[in-house]
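The structure appears below as structure tokens.
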Amino acid sequence: MSTCPTDLAPLLGGGANSSAAAEYICNQFTDAGFAIDNTYLLFSAYLVFAMQLGFAMLCAGSVRAKNTMNIMLTNVLDAAAGGLFYYLFGFAFAFGSPSNGFIGKHFFGLKDVPQPSFDYSNFLYQWAFAIAAAGITSGSIAERTQFVAYLIYSSFLTGFVYPVVSHWFWSGDGWAAAARNSGESLLFKSGVIDFAGSGVVHMVGGIAGLWGALIEGPRIGRFDHAGRSVALRGHSATLVVLGTFLLWFGWYGFNPGSFNVIFKTYGPSGSIHGQWSAVGRTAVTTTLAGCAAALTTLFGKRLQTGHWNVVDVCNGLLGGFAAITSGCSVVDPWAAIICGFVSAWVLIGFNKLAAKLKFDDPLEAAQLHGGCGAWGIIFTALFAREKYVNEVYPGRPGRPYGLFMGGGGRLLAAHIVQILVIAGWVSCTMGPLFFALHKLGLLRISAEDEMAGMDLTRHGGFAYVYHDDDASVHEGGVFMLKSSAVRAEPATAAAANRV
């Protein structure tokens with residue numbers, strides 16, 4: 001826009017007032033551009049925040065009825081506590097520029113915001129991402145964790161652990177950012193292309209949940225005395241499906257919204273080539289990856305168990321979304337289908353490994369977000385297209401791109417580094433935190449409370465009014481639902497048909 005008045009003035013007749021008129025018109029266009037971009041980012045932030053409702057419904061449906069109020073309250077507190085701590089510290093650690101490559105050091109409490117590069121809409125959007133990472137972790141440690149532990153880990157994750165990682169890969173000052181400030185060298189001359197956060201959000205939340213679940217140990221009854229896996233089924237597939245669709249809807253803010261601006265052209269004025277087209281392509285790649293993962297999971301689990309299992313399909317769908325989040329803006333739609341197909345098998349494989357190792361994650365969050373997120377990072381390094389990389393990350397001619405697309409191995413090397421440093425950082429921060437909570441007796445609830453359910457023992461009553469044929473579990477006239485929560489899956493399709 002800097003040459004706009006000069007270019008426009010002659011078209012207005014070149015008279016005495018033409019320069020002033022040209023400057024006025026150009027300023028109006030500039031203001032309109034800022035308004036369009038801020039409105040786009042705010043709307044995207046609202047979509048990402050709506051994912052919290054999806055997380056709440058997914059978590060509620062995936063746990064037993066006796067813990068419904070507890071898991072939904074933790075989702076509310078993730079947003080509330082995360083909001084305050086991200087406002088006070090997190091946003092500054094993530095995007096407080098100018099700073100060093102490790103951590104930001106400005107904008108604490110949103111001081112000096114708005115800036116030309118950051119407005120309030122940026123804070124709101126990034127806060128919605130931060131609480132998404134915390135929500136992932138809460139699923140891994142569901143049904144057996146003290147409420148105070150949720151508050152402590154959520155505040156620490158959103159206020160420090162996650163912001164540091166987002167600074168590394170998303171801030172212009174970050175040591176591994178693909179969009180690093182001009183004049184700064186890029187990691188392996190490419191930087192890390194983690195566009196919307198397969199690593200920054202999903203791996204961080206998944207690995208944090210991995211350590212929490214490992215240190216707590218499995219839920220009572222999850223494995224029998226012989227070490228065999230026992231399915232502790234969630235109480236509502238309806239809520240799982242509702243939560244999945246809400247998350248799907250919110251992902252259209254998560255991935256396309258990560259462009260931050262939409263009013264930007266890639267080609268000559270008046271052409272169809274612009275950020276608006278890239279936003280649409282990103283929505284398409286997101287959709288196709290999720291669809292491919294859902295169908296692959298459907299048939300893959302059918303071959304394994306003899307069932308058409310809606311909960312498994314929902315988890316597979318979300319695994320596809322988590323995987324495509326890294327490269328959604330720089331890959332072709334056909335490549336997104338490959339991403340979703342492989343992510344489904346990654347999730348199935350990690351779930352098999354988790355059962356073998358007696359690792360208990362009620363929502364498969366560590367496997368889904370950690371495992372599929374890591375696959376998504378590798379996928380981007382293999383399939384990123386040169387044209388899209390240069391459009392989304394301009395100003396660096398000759399930047400490496402996907403290995404399978406002819407771009408060499410530099411991007412893959414950078415992405416392997418990303419996986420390693422995220423795993424190391426989260427392990428060195430969240431692991432000791434969960435271990436300290438465990439040693440202080442603040443992590444896991446008592447066996448008696450776990451058997452009775454936290455809704456009754458910690459939250460004043462059950463989420464539902466229902467009845468149970470077993471009179472031994474009632475108290476004060478309130479009865480528990482007849483339990484179908486503990487169930488071994490039939491080994492064959494024939495057995496399934498007899499049930």
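Keep in mind that glycine also has a Cβ here, set from the backbone N, Cα and C atoms.
Source: prediction; values computed, not measured.
Per TrEMBL, the features are as follows:
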DOMAIN    40-464  domain 'Ammonium transporter AmtB-like'
TRANSMEM  40-63  transmembrane segment
TRANSMEM  84-103  transmembrane segment
TRANSMEM  123-141  transmembrane segment
TRANSMEM  148-170  transmembrane segment
TRANSMEM  190-215  transmembrane segment
TRANSMEM  236-254  transmembrane segment
TRANSMEM  334-354  transmembrane segment
TRANSMEM  366-384  transmembrane segment
TRANSMEM  412-437  transmembrane segment
Non-local residues, at least 6 beyond the ends, that sit with Cβ under 8 Å of the transmembrane segment (40-63): 71-72, 74-76, 78-79, 121-122, 124-125, 128-129, 131-132, 135-136, 138-139, 142-143, 234-254, 256-258, 260-263, 311, 314, 362-363, 463
The transmembrane segment (190-215) vs the transmembrane segment (334-354): 3 or more CB pairs under 8 Å: no
Annotated stretches the transmembrane segment (84-103) and the transmembrane segment (412-437) touching (3 or more Cβ pairs under 8 Å): no
Within-chain partners of the transmembrane segment (148-170) [C-beta distance under 8 Å, separation at least 6 from its ends]: 74, 77-78, 81-82, 85-86, 88-95, 99, 101-104, 126, 129-131, 133-134, 137-138, 141, 176-179, 192, 194, 197, 199-201, 204-205, 208, 212, 418, 421-422, 425-426, 429-430, 433-434, 437, 442-443
Positions whose Cβ lies under 8 angstroms from the transmembrane segment (334-354), at least six residues beyond its ends: 284-286, 288-294, 296-297, 300-301, 304, 315-316, 319-320, 322-324, 327-328, 360-361, 364, 366-368, 371-372, 375-376, 379, 383
Mean of the pLDDT scores, which run from 0 to 100, over the domain 'Ammonium transporter AmtB-like' (40-464): 95
